[in-house]
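Here's a structure for you.
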Amino acid sequence: MDPRQPTYRSTGSIRNNDRSAVANSTDDDSLLDMTVDTKDFHHRHYDLDGHGRHFGLEGHRYDNGSEDSGSLQGSSNIMDTLDDLPPGIGQYDDFHTIDWLRDIARDRMRHRHIVKKRQEGCWEQVKGAHDAWSGWVCVLLVGVAAGTCAGIIDIGSSWMSDLKEGVCLEAFWFNREQCCWSGPSLNSTSMNEDSDCDQWYSWGRMMGSGAGGAGSYIIGYLFYILWALLFGVLAALLVRMFAPYACGSGIPEIKTILSGFIIRGYLGKWTLLIKSLGMMLSVAAGLSLGKEGPFVHVACCCGNIFSYLFPKYGRNEAKKREVLSAAAAAGVSVAFGAPIGGVLFSLEEVSYYFPLKTLWRSFFCALIAAFILRSINPFGNDHLVMFSIDYNEPWTLQELIPFILIGALGGLFGKFFIKFNIMWCRYRKMSRLGNYPIFEVLGIVFITALLSYPNPYTRMNSSELIRLLVSRCGPEDDTEICDYKRSSNITDPFKWSALAGAGVGSAVWKLALALIFKMIITIFTFGIKIPAGLFIPSMAVGSIIGRIVGIGVEQLVVNNANSVFFSNICESQGKCIITPGLYAMVGAAAALGGVTRMTVSLVVIMFELTGGLEYIVPMMAAAMTSKWVGDALGRESIYDAHIALNGYPYLDHKEEFTHTTIAADVMRPRYWRYGTGVRNDPPLAVITQDSMTVEETESLLRNTEHNGFPVVVSRESQYLVGFVLRRDLNLAIANARKTSEGVVSNSIIYFTGHVPVDPNGPAPLKLRKILDMAPVTITDQTPMETVVEMFRKLGLRQTLVTHNGRLLGIITKKDVLRHIAQLRNQDPESILFN
């Protein structure tokens with residue numbers, strides 16, 4: 001138990017200035033193996049077996065009769081579930097963590113009650129059937145909502161992105177591609193970047209300036225910057241005024257929420273609305289960010305909202321996280337058109353508690369979301385994403401060498417980006433810059449627009465850039481990146497590699513400048529107070545690296561077509577097949593893996609994203625190399641780094657605890673520190689089972705900030721009876737004062753089954769029904785390695801420490817995280833939340 005007053009300060013996207021969090025029983029992690037039944041772990045029971053009897057620590061039954069249970073005072077009938085207790089009992093405060101074991105036990109007992117009631121008639125059978133299929137209905141609604149939101153966001157962002165360069169006069173709601181392909185008259189070069197079709201008017205053309213002239217260029221430049229600034233400031237203002245939680249990608253917070261942390265409002269209706277609008281505005285502003293990562297946050301908002309339609313999920317935080325896991329899968333599904341990859345992403349990256357039924361429901365939810373998005377067809381090409389490929393040229397074993405090289409470069413980029421982005425975000429938090437988020441957004445937007453416009457590869461949307469780089473050059477392509485000296489006497493010359501022309505050389509230089517610019521500007525962009533994702537910017541950087549390497553390999557092979565080393569790549573007459581677009585696709589996977597440290601889900605997302613099923617081996621080689629190189633330089637992904645930066649109570653199950661400390665070294669109060677017997681903490685705050693008055697208990701609540709209190713037999717014996725939460729105790733006492741006559745300040749509070757009757761004294765207050773009589777306990781000599789595993793796999797908020805059967809102290813999740821930080825020579829006070 002931590003008796004000290006905790007310090008709170010603004011962290012990242014969450015500001016906790018006015019909330020009083022607590023430091024006694026506050027922390028937990030997710031549940032990897034939630035197969036422990038209530039009777040398997042110290043006979044842990046919270047409620048009844050359905051007959052008005054409560055199970056104690058050793059499984060003994062306490063028969064409490066059948067008196068009226070309408071009030072807390074004198075009531076001896078323990079209720080079946082927590083639903084009949086005062087409102088708020090069993091719920092959690094903001095910025096606290098849930099008790100997975102208690103919530104799962106409550107759901108199991110609720111399910112047993114429903115199964116038993118089915119025998120009472122047809123109506124009960126209907127209610128039981130509704131409970132059984134409510135989970136599938138919930139994820140169905142989440143999938144439909146996620147797909148619909150994604151379609152609207154894709155259409156809106158595409159339209160506003162093109163608005164920076166011009167407008168379709170005949171139908172202003174069309175983007176450039178739709179405008180140019182819808183009209184009857186279309187110039188042959190209408191889809192060229194530097195020309196307009198008959199219906200599309202650039203801003204220079206609107207102002208009467210001739211196409212291609214200096215005046216048209218300057219006017220287009222000015223309008224590009226002005227529109228970008230307008231979109232950027234609108235996004236920042238919406239976030240600032242209506243939904244501060246809508247900024248960022250949201251994936252670090254989603255990971256923390258799925259591990260059991262409570263952040264009220266983070267998945268609310270306003271956050272959903274502002275996040276959706278902000279994503280369109282942010283992408284349209286031309287910033288080096290993407291909308292794909294925030295789709296996970298949007299889908300989880302839908303999951304949270306729909307879960308309240310079903311009390312099974314709305315009233316149980318552990319069950320709600322099953323819906324949120326399915327929603328996260330749907331978010332990735334609509335972001336990349338990858339339903340299977342979305343399920344694997346939810347399993348590999350964001351979810352801790354992922355039972356088999358959640359796997360199936362996540363798959364169903366992702367499938368429905370992808371189907372809805374496909375029906376909306378936001379890109380007008382019958383594809384779920386902008387950059388699907390339409391080639392299947394073979395690759396050879398020699399090409400694995402450049403593929404592995406690209407993977408290593410992706411890992412280096414990931415480490416470079418994580419290090420400097422965290423440095424900048426930490427500086428933003430500690431300096432005055434963090435007090436002016438809108439001015440920071442305006443500055444980043446202005447610099448990005450000013451430097452992006454001259455280079456056509458930075459001017460275009462990042463998704464369009466990736467589509468250009470991963471595609472191969474066809475007969476209709478007349479861009480400089482496809483300027484090859486092709487022989488006209490070869491059948492299908494566009495299938496074979498050729499010598500590069502002057503345009504390719506120019507394109508490589510422009511791509512190199514675009515690579516440097518995007519690598520640097522993304523560091524400053526990710527983390528500003530607008531909705532922003534990192535998937536697309538990192539993939540754009542990787543695709544540039546891959547395309548440059550691919551062009552280099554292509555020219556190396558073409559210029560040495562007769563070499564023995566390239567004999568299986570080149571056929572007779574010097575005809576060779578090297579696809580630079582494949583290298584760009586591999587580079588996108590490598591850079592994304594270097595930043596996020598995804599592996600299996602990344603490869604599946606990439607082959608679903610591009611449709612290149614035959615290129616799985618190159619992408620696997622690049623993804624594994626990227627992760628190995630990145631892990632060799634630092635094991636944290638960008639999301640884990642931001643979780644640590646924001647001080648969220650998150651225990652990563654991928655990290656190993658190898659230190660030799662024991663529970664006595666970490667518990668509070670520290671009666672014994674490393675066996676010295678030194679007492680340097682205030683005494684443990686406890687409640688006795690049958691001797692404290694209401695006034696004494698309320699005084700304890702006022703004078704401490706602890707989230708829960710151990711209940712002992714007496715202060716002298718310190719033998720443990722159970723554990724009671726602060727919130728439940730406050731609500732129960734307040735409810736008793738309002739509804740029960742005779743409960744006064746000097747009424748004795750009883751946590752026992754038997755309450756003595758004193759006709760001359762005040763009415764007693766029996767609160768045994770809110771008591772957890774089977775708290776998880778350990779001894780003071782338990783290795784911390786075991787304690788950490790308990791917190792990870794059982795999802796504990798706290799564990800009580802005993803010595804020879806007597807209560808000695810308490811260890812919370814926050815204590816564990818601070819201990820780990822201290823062992824790593826980090827600041828233990830960086831763990832801010834409980």
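Heads up, the Cβ atoms here are built off N, Cα and C, so glycines get one too.
Got these off TrEMBL a minute ago, pasting:
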type     : residues : note
REGION   : 1-26     : region 'Disordered'
TRANSMEM : 133-153  : transmembrane segment
TRANSMEM : 214-239  : transmembrane segment
TRANSMEM : 272-289  : transmembrane segment
TRANSMEM : 295-311  : transmembrane segment
TRANSMEM : 323-347  : transmembrane segment
TRANSMEM : 400-424  : transmembrane segment
TRANSMEM : 436-453  : transmembrane segment
TRANSMEM : 507-528  : transmembrane segment
TRANSMEM : 534-553  : transmembrane segment
TRANSMEM : 574-592  : transmembrane segment
TRANSMEM : 598-617  : transmembrane segment
DOMAIN   : 680-739  : domain 'CBS'
DOMAIN   : 771-829  : domain 'CBS'
Within the domain 'CBS' (680-739), how many residues are helix, strand or coil going by DSSP?
24 helix, 15 strand, 21 coil
Can you find at least 3 Cβ pairs under 8 Å between the transmembrane segment (534-553) and the transmembrane segment (400-424), where each pair is 6 or more residues apart in sequence?
yes
So how many of the residues in the domain 'CBS' (771-829) end up helix, strand or coil by DSSP?
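Helix, strand, coil within the domain 'CBS' (771-829): 24 helix, 18 strand, 17 coil.
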Restricting to CB pairs under 8 Å, which listed stretch, 133-153, 323-347, 574-592, 598-617, is in contact most with the transmembrane segment (400-424)?
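Answer, by Cβ pair count: 574-592.
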Out of 133-153, 323-347, 436-453, which stretch touches the transmembrane segment (507-528) the most, going by CB pairs under 8 Å?
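Counting Cβ pairs under 8 Å, the winner is 436-453.
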What is the pLDDT of the domain 'CBS' (771-829) when averaged and given as a whole number?
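Looking only at the domain 'CBS' (771-829), pLDDT averages out to 87.
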Any residues 6+ beyond the ends of the transmembrane segment (214-239) with a Cβ under 8 Å from its own?
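Sequence-distant neighbours of the transmembrane segment (214-239): 160, 163-165, 202-205, 207, 246-247, 274, 277-278, 281-282, 284-287, 437-438, 441-442, 444-446, 448-450, 453, 459, 528-531.
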Look at every Cβ pair spanning the transmembrane segment (436-453) and the transmembrane segment (272-289), keep those 6 or more apart in sequence, and say whether at least 3 of them are under 8 Å.
yes
Same chain, outside the transmembrane segment (323-347) by at least 6, Cβ under 8 Å from its Cβ: which residues?
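For the transmembrane segment (323-347), the nonlocal Cβ contacts are 135, 138-139, 142-143, 146-147, 149-150, 254, 257-258, 267, 291-293, 295-300, 302-304, 306-307, 313, 353-354, 358-359, 361-370, 373-374, 383-385, 388, 535, 598, 600-602, 604-606, 608-609.
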Apart from its near flanks, which chain residues at least 6 from the ends of the transmembrane segment (574-592) lie with a Cβ under 8 angstroms of it?
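Tertiary neighbours of the transmembrane segment (574-592) are 389, 391, 393-395, 399, 402-403, 406-407, 409-411, 413-414, 466, 469-472, 490, 495-497, 535, 538-547, 549-551, 553-554, 557-558, 561-562, 566, 598, 602-603, 606, 610, 612, 615, 618-619, 622-623, 625-626.
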